[in-house]
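Just below is one structure, and these are the notes that go with it.
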Amino acid sequence: MEKEQLIEIDESINAWLTTLDDIIPKLISDMVTTTKENMFDLVTNVDKAIQQNFELFLKEHYPSHQLFAEEKSNREVNAKEGHVWIMDPIDGTTNLVKQQEDYCIILGYFIEGEPVLSYIYDYPHGQLYKAVRGFGAYVNGQPLSSPEDIELKDAIISYNSLVINDETIQDLNDASFGYRCIGSCGLDSIRVIKGQFGAHVNTNPKPWDIAAQFLFASELGLKMTTLNNTKLDFSTGGPFIISNQACHASMLEILNSGNGYNK
Ligand code: NAP
Ligand code: CA
Ligand code: CA
C-alpha cells in the first residue's frame, strides 16, 4: 500500500478514536453488564456499542474492509485475505466493570495477512499507542524507542496466575525480579513495549487480544512468539509471549521445563 493511503487511513482512524472520547463517558454512566460463557466472562454495553460504532464507520468509509471482532460471529471472515480489521472493543472488561480503569481498545489492520497499522488506546489515561509498518511506533504522536535489554533476573514479568501451575510460578518468581499483572492483555503488552516489563504471557489469547501487538513487536525489535518459540498465527491466536529480547529464551525455558506450565 502507498504511504499516502496509509496516512489517510491512519488519520481517519485517529479521528474515529477521538469520537470515542465523547461517547464512552455516557456509555459508562449507563453501564449494563451481562455474562457470556460463565459468571466471570463479562460483556457490557460499552464493548458492544464501541464495536457497533466501528462496524458502521468501516461500512461508511471502507466498505470493502472486513471486521473480525470479539462480540460478533466471524464465520464469514477469512482474516488472512484482503483488508481486515481485528478488534477487541474493550480489552480488560473486568477492570472496566470493577475499577473503571486499566482497559483499552485494540485494533489491528491487516492486508493479505500482514499487519500494517495497529492501535492500543488506553482511554482512561488518554494514551494512544500506534504502530505503522515501516515507520515505527508512537504514543500520542511521540516516537517510542526500542526498549533496552532486560535480563530475566532484572525483569518484572506478567501472566495470569490462575492458569499456570504452582511449580512453574515458583520457578518464574525465583528467576525474575518481580511479578505484576494489570489484567488487560493489551496494556500488559504495552508495559513490555515501553520497556517497563520484561515479558507478558497469555496462554490462551484470541486473535483480538493480540492483533495490535505484532506490529509493535516487529517495529521495536521485541520478541512475540508462541510458547514453543514458533511463529504465532494472528488469525487463530493461541499460547503467546511478548518479550524483551534479553529474557525471551529464559522465559520459554522455564515455561516448558518439567511438565510444562499448564495447571
Ligand atoms: P480478566 O481480568 O477477565 O482478563 C484479563 C485479560 O485476559 C484481558 O485481556 C481479557 O480480555 C483476557 N481474557 C479474558 N478471558 C480470557 C481467557 N479465557 N483466556 C485468555 N485471556 C482471557 O482475567 P481473570 O479475571 O484473571 O480471568 C477470567 C477468566 O479468563 C479465567 O477463567 C481465567 O482463567 C481466564 N484467563 C486466562 C488467561 C490465560 O493466560 N490463559 C489469561 C487471562 C484470563 P477481555 O477483557 O477482552 O475479556
Ligand atoms: Ca481481550
Ligand atoms: Ca474484550
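Positions of Cβ are set from backbone N, Cα and C atoms, glycine also.
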- prompt: In TrEMBL, the Mg(2+) 1 site includes Glu70, Asp88, Asp91. Which of Asp209, Asp233 does it also list there?
  reply: Asp209
Statement: For Glu70 (Mg(2+) 1 binding site), the same-chain residues 6+ apart in sequence with C-beta under 8 angstroms from its C-beta are Asp47, Gln51, Met87, Asp88, Pro89, Lys206, Trp208
Message: Helix, strand or coil by DSSP: which one applies to Asp91 (Mg(2+) 1 binding site)?
response: strand
- prompt: What are the other residues, in sequence order, whose C-beta lies within 8 angstroms of the center of the C-beta atoms of Glu70, Asp88, Asp91, Asp209 at the Mg(2+) 1 site?
  reply: Met87, Pro89, Ile90, Ile106, Cys185, Gly186, Lys206, Trp208, Ala211
- line: Asp209 (Mg(2+) 1 binding site) falls, by DSSP collapsed to helix, strand or coil, into helix
- line: Row Asp209 (Mg(2+) 1 binding site), column other C-beta within 10 angstroms, all chains, value 21
Query: If you count Cβ atoms within 10 Å of the Cβ of Asp88 (Mg(2+) 1 binding site), leaving out that atom itself, what do you get?
result: 31
